[in-house]
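Visitor: This is the structure, below, for whatever I ask next.
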Amino acid sequence: MSDSFLPTCILCLLALSSACYIQNCPRGGKRSQPDTSRECVSCGPGNAGRCYGPSICCGAALGCLVGSPETMSCMEENHLPSPCETGGRPCGDEGRCAAPGVCCDSVSCVMDSECLEDVRSDQSEDPSRLKTVSGEILLRLLNLASRGRRDF
């Protein structure tokens, strides 16, 4: 009986200990894979901004939009498997400079004088695209102003 007891105990211990090992790790360990940092989803008029939270869209040319229809594309950020990089300098407790004078985290935005200095715009923002967005906004304002004059 003792001859079969020892191999049985070893077999049981082996079975129990192999259940404790993580089986789905990549070769070389979890830190062997390169960081897959990506930019956050584009949002706002002309996709000129980046998502800072599920309902926050900010860009250097447009400021910050919170809870507006332009932020709907930011909701899909919650469903993506990897985190994103918003860009900008760190500010506040856990925020980043999102627009000139504005510091945002994933939940809210606050005015912050640290962000008045040289806000780093997103790498993918094309200056010609920003000009067209600014031009679109200016044209809309002019159209609204001219409509207001005709009504009087």
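Glycine residues also receive a Cβ, built from the backbone N, Cα and C atoms like all the rest.
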Visitor: Based on what Swiss-Prot records, which one of Cys43, Cys64 is disulphide-bonded to Cys57?
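Guide: According to Swiss-Prot, the disulfide partner of Cys57 among Cys43, Cys64 is Cys43.
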Visitor: Pick from Cys84, Cys109, Cys115: which cysteine does Swiss-Prot list as forming a disulfide with Cys97?
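Guide: Answer per Swiss-Prot: Cys115.
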Visitor: Which residue in the list Cys103, Cys104 does Swiss-Prot annotate as forming a disulfide bond with Cys91?
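Guide: Among Cys103, Cys104, the cysteine that Swiss-Prot links to Cys91 by a disulfide bond is Cys103.
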Visitor: Of the candidates Cys25, Cys40, Cys51, which does Swiss-Prot name as forming a disulfide with Cys84?
Guide: Cys40
Visitor: Distance check, please: Cα of Cys58 (disulfide bond) against Cα of Cys109 (disulfide bond), rounded to an integer number of angstrom.
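Guide: About 10 Å separates the two Cα atoms.
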Visitor: Rounded to a whole angstrom, what is the C-alpha distance between Cys91 (disulfide bond) and Cys97 (disulfide bond)?
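Guide: So the alpha carbons of Cys91 (disulfide bond) and Cys97 (disulfide bond) sit roughly 6 Å from each other.
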Visitor: Which Cβ among the disulfide-bonded residues (Cys57, Cys64, Cys115) has the fewest C-beta neighbours inside 10 Å?
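Guide: Result for the disulfide-bonded residues Cys57, Cys64, Cys115: minimum number of other Cβ atoms within 10 Å at Cys64.
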Visitor: Which disulfide-bonded residues from the set Cys40, Cys43, Cys51, Cys84, Cys103, Cys104 come within 10 angstroms of Cys97 (disulfide bond), judged by C-alpha positions?
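Guide: Matched disulfide-bonded residues: Cys103, Cys104, sequence order.
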Visitor: Under 8 Å between C-beta atoms and at least six apart in sequence, can you list the same-chain neighbours of Cys104 (disulfide bond), or say none if there are none?
Guide: Tyr52, Gly53, Ile56, Cys58, Cys64, Thr86, Gly95, Arg96, Ala98, Val110
Visitor: Looking at Cβ-Cβ distances, which residues of the chain lie under 8 angstroms from Cys74 (disulfide bond) while being 6 or more apart from it?
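Guide: Long-range Cβ contacts: Val41, Cys43, Cys51, Tyr52, Gly53, Pro54, Ser55, Ile56, Cys57.
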